[in-house]
Each structure stands twice: as C-alpha cells, then as structure tokens.
Amino acid sequence: MSRPSSRAIYLHRKEYSQSMASEPTLLQHRVEHLMTCKLGTQRVREPKDALQKLQEMDAQGRVWSQDLFLQVRDGWLHLLDIETKEELDSYRLDNIKAIDVALNTCSYNSILSVTVQESGLPGISTLLFQCQEVGAEQLRTSLQKALEEELEERPRFGVHHPSQDRWKGPPLERPLPIQQAPPLEQRFSPEHRFPPEQPHNMTSERSISPSSRSLTHYPSAREPNGFTLPPPPRRAPSPEDPERDEEVLNHVLRDIELFAGKLKEVQARNSHKKTKLGRKKKKSKNGITQAEYIDCFQKIKLSFNLLGKLALRMQETSAPEFVGLIFQTLKFILSQCPEAGLPAKVISPLLTPKAIDLLQSCLSPPEDTLWKSLGTSWTTSWADWTGSEPPPYQPTFYDGWQIPQPRSMMPITNQDSISLRGSRMRSSLHFPRDEPYNHNPEYEDSNLPLSSPSPGRAALKMQVLYEFEARNAQELTVAQGEILEVLDQSKRWWLVKNEAGLTGYIPSNILEPLPAGAPRGHRQPSFRAPMLRLSSKPEEVTAWLQAENFSTVTVRTLGSLMGSQLLHMRPGELQMLCPQEAPRIQARLDAVRRMLGMTH
C-alpha cells in the first residue's frame, strides 16, 4: 500500500481539526470538593468569607471533602460521582456569578472558588474545590471560556435549546460580561457584599443591565435598596458553659437513640403481625403518638444547636461526625413518620447561626437535600427568622434528668476549679452574664459592706481582675488591670467610675484591692499602658499587643498593622491569622472599640 501524499494527509488533518472544533465543549476534570457555603448568613456574606471559613476548618481538621468530577456539558456545570458517574449537583453556566482562585492559603494550595445562583432558589452559594490534577488557574480559564461560548451560542428573543429544559426563568438577551473578580486574599480592601436574597422570580433577568450582572461588584446589604434588614436578635445568648452543654448533648442524643430504638422495635413487631390502622386518635400506624415524634424532632434541632456551640472543643468525635450519625437516624425516623409535613411544623427551637454554619459546612449533598426538605423552620436561624417568635424550648428527658443551672450562675468559690477540656485560652471566671444589674433584692448580699464613699473620705480605688462587657446603659465596660473608683458597694453589683469619668455597675467579684503600699486615689504603676487608637502606627500597635501579654507570634503577625486596620479586622480574619489567641484578641478589640465609640 502506497504512502498517502502530503496533500492527502494535510486535508485529512484539516477535516479532523474542523470536526473537533465544531463539537460542543466538554470539559471534565477530577477535583476535590471541599465545601459549599451559602452566602448571606451571619458569618459568610461574600466569597472570600467562604475561603476564610475553609481556612478555619482546615486548621481544626474539620474539612470533609469528596473527590468528584467537575464537568461542563450542554450549558450546565455538573458534579459527578467518581465511580458511578451519578449526578450529585448541577448549575446552569449562566447562573455563575464569579469564578476565582486562591493559591497557597492553607493546606489546600490550589483552590477554585465558584459562586453560583442555585436554579429556582433565592440563595447564592460559593463552592470551593481543590484542583490537584489540573491547576485552579487553568480550570478557571477553561470555565470562563465555556461560559463565554454558552452565552454567545444562546439564541435571542426567548428561544432556548433543549439543554435549558430544566430552567424555569427567561433567557438573557445579551451575554454575561466576564470580568476578573477581586482576589480572595484582599482582606483590607473595601468590602463587596451580596445584595439581600430575593425570590428567583421577583426580578426578571431580562430587565437587568449588563453592569449589574458584572462579576466584580456585590452591593452592601447596608446600601439603601428598599430591603428591610431583619430585626435584631430577640433573645440573649445563653451563658457559656461547655461542660453543661456536653452533659445536655449526651442526654439529648441518648433520647434520640431511645426513640429510634422504639421505632425499630415496633417495626420488627409489625413485620410479624399486621396491625390495624387508626385504632386511636393521634396515633400513627406504629402506635407512637404525634407528640413523641415532635419531641424527637425538637431534640434533633437542639442537638444541632449544641454541636454548633461545642464544635471547636470536641476532641474524640468531631461535630461533623455527630451530624452524620444524627442524619442517618433522622432519615430512618422520617421513613416511619406517618405525617410527611410534621417536621416543618416544629418551629421551636430555632437553629442558631452557629448550627446553620455547621450544617452548611459538613452536610453531604443527599443530607443537604434532606435538610432543606424539612422546611424553613429547620434551615433559618433565629437571627434571620421573620415569623412570630416561638415559645422557648424546655426539653424533658426519658430518665427524668433535668438540665442543671449554668455554672456561670454558681457562687464564685465553685468557679475557680472550672476548666475547659482542650482549651488553650487563659482561664477566666464566668460571671452571671445573663443577669444585668437591677435593684431587685436577689442582687443584695448581706456579707458585703454596706457603705459608699462620703465626701470627707478618700475615694476607694480598686483594680479590675477580669474584663467585663456592659450589656445595657446601667453597666460599665472595664478592662483587666484598670483602676476604678468605687462609688457604691451596697449591693452585689458595685457602682464604679473609671478614669474617663464614666460610671456604671459591674460585678463586685471582678475587683481586688490595690497592692499594699500603693497610694490610694492614684495609679500604683508609674508605667502607663499604651492605648490603641484608629490613628495608632505599627510601632504603637506592637506596644499595645505586648502590653496585653499576647504571644510573640501574635505580636509579630499583627504588629505590622495600623490601628485602623487592626480595629476593623473581623473575627474570621483574626481566627485565620492567630487561631490560638483569636478569642482573647477579639475581646480586647471589642473593649477598645466601645471605648472609642466604634459601631464595628
């Protein structure tokens, strides 16, 4: 057989190239899905917040990842199972709001961030992928190219191709402009926030101008746009008492397990003996009352709230592992529940923002679908709840156990021995944070001296042992080491005045007498601790950090910042930069902000 001529080879190559170029784009790469964060929650408002949350979870070993295929086909972004090729999730390409890359920010060194509008839903979510086989930058370029092709090929005037059958909304009349989103690492640039979530069909995409569809600008939720912000929290947080919360969680989980065991016993009996239906009112076919189901659903919601509070303190079994076990049990209970819509009717207790964050960060796609199917009373935190406030939830347990009084309400002598397992923070006493000062008799103590400084006596000066944060206009925020003048010590809460002339009530047990030999009415130390102000220079910030006894690593990390930069840092940024001391840094910064009158 003779060798083909050069011209024949060229023509065959040309034909092959043209056929390949005319084929629809099919992009498929293996990636590691790290997490999906719904934007607009209390802590995650923009894509870079999702990255910060990932960094926090990575530092704590709480990331639950999954290998999968990221595929672009027929105008859709598909997430497929590696082995079965089952579709785990999918998003329309024109619902992609932003594509970004974060390199070498944590143990995951090549992160692709894709922010999408979920089809038919009001929420906007950011998906984070580790791109090991194909770099995140290359994958971003491929996705942007696929998006451009999809928008260029879309027919005009409302005619859509078969791949759009699953989409309910009208098509765009013009391409979505592709622009580079701001880098995720820009922490101190002006904030870009997503607008408040609206129903998918509230505004037709046909009326949206190209500029408003840009990938780069996310209006602040505080900008005037006719949206009414949710009301402030209507309930005060419970006192911090991790050991008590662990005890409550153990009893809650045991009751959930007992109820599931009861269902399994009934199921086993029914498999051998056919039961009659509807024998008693308000009883299901398995003989368990509706009230028992409601009680179990309430305890499941309570368990999520407790896991959200304890997530950072858990050691042997992580919070995501507990969530997975609870969802397995919940799935079984739902399969036995005679009323499909019963969980949606269980309003109290509403989930806390921390519980919502935990579920959004660790649920698998099937679990996430199950969670969302339970209704808004399960997926909306109490901070975002717009309905009537439900009654407080007081659980009752099968064994008659009652939730003990918080340790923060116990006498001070019992609190010195309280410690948190696994906590590296400096120990501090817990005061009755949920009982603001008032003149009720319960705040009086006959053992306290009933005296107040008279005009003829020298003012009584005392030093603050532990910082205290005011919660109303009657109380006074004080910092550790501060010298105060005691004006009234006739009750458990003393009236004091600071050096700035501000007065207010604080717990008496956070004060101690000045050291012996210190002149009363004057500061004992000659050295004046440096103040942190918005105008503070890096050397002043460094001096303030050192005076607050922060670690050398923290001083070196934060000492290069201006005062304005440090005072405007958010908790997530502090947690990322200084994970060990972030809570204490945040507490001290909050005290400084209040002294400066900052609303941040």
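Cβ atoms are placed via backbone N, Cα and C, with glycine included.
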Can you check which of 405-428, 429-452 Swiss-Prot lists as region 'Disordered'?
429-452
Using DSSP, how many residues in the domain 'SH3' (457-516) fall into helix, strand and coil?
3 helix, 27 strand, 30 coil
Using DSSP, how many residues of the domain 'PTB' (28-155) fall into helix, strand and coil, respectively?
34 helix, 54 strand, 40 coil
On the 0 to 100 scale, where does the mean pLDDT of the domain 'PTB' (28-155) fall?
85
